[in-house]
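Q: The structure follows.
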């Protein structure tokens with residue numbers, strides 16, 4: 001399954017961000 005890159009909208013499926021977290025509906029990096 002594909003995962004989302006930083007900056008990708010994740011409001012619908014917040015658990016699919018690649019090595020990033022969902023914040024304010026967008027994937028962001030931990031750095």
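Glycine residues also receive a Cβ, built from the backbone N, Cα and C atoms like all the rest.
Taken from Swiss-Prot, the feature disulfide bond applies to 3-18, 10-22, 17-27. Residues annotated as 4-hydroxyproline in Swiss-Prot: 6, 14.
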Q: Can you tell me how far the Cα of residue 10 (disulfide bond) sits from the Cα of residue 27 (disulfide bond), in Å?
A: 6
Q: What kind of secondary structure is residue 22 (disulfide bond) part of, going by DSSP in three states?
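A: It is in a strand.
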Q: Tell me the Cβ neighbour count for residue 3 (disulfide bond), meaning other Cβ atoms within 10 Å of its Cβ, over all protein chains shown.
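A: If we count other Cβ atoms within 10 Å of residue 3 (disulfide bond), we arrive at 14.
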Q: How many Å lie between the Cα of residue 27 (disulfide bond) and the Cα of residue 6 (4-hydroxyproline)?
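A: Rounded to a whole number, the Cα-Cα distance is 5 Å.
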Q: How many Å separate the Cα atoms of residue 3 (disulfide bond) and residue 17 (disulfide bond)?
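A: Here the two Cα atoms are 5 Å apart.
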Q: If you count the C-beta atoms lying within 10 Å of each candidate's C-beta, which of the disulfide-bonded residues 10, 17, 18, 22, 27 ends up with the smallest number?
A: 18
Q: Validating a neighbour-count step here. Other CB atoms within 10 A of the CB of residue 6 (4-hydroxyproline): how many?
A: 15
Q: Roughly how many Å separate the Cα of residue 18 (disulfide bond) from that of residue 6 (4-hydroxyproline), to the nearest whole number?
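A: Here the two Cα atoms lie 8 Å apart.
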